[in-house]
């Protein structure tokens, strides 16, 4: 195990008030020690490393200049908030990041008063900050509100909606644009820093105020000319930008790693007290840790790693990852059908579409962090006869639900939805749990909804989706590796709305939707050993249901347990409605639905989360024993 780094100055800082007591000349050393602490902590827990390394100086500067927590500091997404956590009373728990019972990997209101708004999905910070600023103004307050948002998150429409609103309200709001990709504009050394200080200072602010006063004196007719003059002066100093057109006073770009540049600008903006203001800072993802600087994409999210070498620990896999199976299966189908195209919303590697893009670059579309646009873009492709696969994580598909309903389902457009990260996702916790997609998709008329029980089934579902042209179709699969089944070279086209029986029995029926099938098979062995002959079936489809299969299971078994990795209102609800309509609940059948708990579940290892939810083999056995009033056995299980 690596030795804990030597951090004498950081040891004096428990909360930001301690930081503000330091001399400004000490801050570079503090930043250096904070970076060492961050690398060491994440090396032991895994997590998001690169983004945090990129904002160390910015984090120090913000807490030094602003009076947090009275001044509200909002981090968009939250990947970059680990240094913030270390400086806000959570250093003693930083090595519990993303562990059961430990700190969240994102900002979280319940965790600290220094986290005024929870995050994990992108592009929400400006909207939340504007709401806080409006509330402050209604209450007569004077505190500052600062939203820190990355250039990637600025690709989402919500950020611009919020900025447009902030400009219209002339709200006193500070937005820090953290450009860690140099995708907008690089700073140009000392001149850039000088211009940023000039633009943020009182002299230029005085010019703005003079213009406003002159407008009020001369009347509205002079407003346009004066506004143009002031904007011309601003453009001469800072360069005209889209942000100015939205009503923001734009400062920068400035070097986000130079505290001598950051602190004067932040102080000027704080003291001027008018807004909205956007400060454009340029940072380097992975700054200060050579392996992360050299491969920012590989060190965005990491497993545990060796600090000296940067080598990440990875357990050997006995089966391929579901994401890779999806990608390889889609590539296989795309070789046969040049109408297949792939769409991702800024998650090419997470969804496996980076592999597809290597083979079919012209048929791969990364639309940025813009799930709403991604879905309607895919719908447009479908209208022209193409076969779009819009690969979106379950949790992120929630962001585009209106587009799924209005632009895809109502028009019966054949958009394919590969839904990765279905079910519990472990360390990323409640914000990334794939709980709701079956519930919100299977309720839509004409929508086909499937779930893969294993990696071979996933391959079949990719081909089934490619072959289906009568409307929208979705198939869900979890994070992680498959179960090690034999893999066909190419998938088969599944019969629509038909499941399969994988084990025959007579007393108990376990009907699985998704990858809990393996736990059902283990449970069936235990139940069989207890004298309870058990059938195990894989539903494959939540919509359309295999009504013949369900009818057969209901009529020939005493207990029917449905098992799924989704929330209430999903597969089991459709099964129960069918059973009720058919009168199959009136003959003594004991039905027990097993679903994800009706809570937002905190982070832990997925296997522990499923066990706690009663969705492992032991939980299934307990459910059956309880249904049969085997109280003693239920207690022993």
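For all residues, glycine too, the Cβ spot is worked out from N, Cα and C.
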| message | Among 180, 258, 268, 318, which residue does Swiss-Prot annotate as binding thiamine diphosphate at the site that also has 79, 120, 121, 122, 152, 153, 289, 371? | response | 180
| field | Winner by Cβ contact number (other Cβ atoms within 10 Å) across the binding-site residues 151, 371 | value | 371
| task | Would you work out the biggest C-alpha to C-alpha distance among 79, 120, 121, 122, 152, 153, 180, 289, 371, the residues that bind thiamine diphosphate according to the record, and give it in angstrom as a whole number? | result | 32
| Candidate with sparsest Cβ neighbourhood (10 Å radius) among 79, 121, the listed binding-site residues | 121
| task | Could you check what DSSP calls residue 79 (thiamine diphosphate binding site) once collapsed to helix, strand or coil? | result | coil
| remark: Long-range Cβ list for residue 180 (thiamine diphosphate binding site), cut-off under 8 Å, min separation 6+ in sequence, same chain only, gives 51, 54, 150, 151, 282, 283, 284, 285
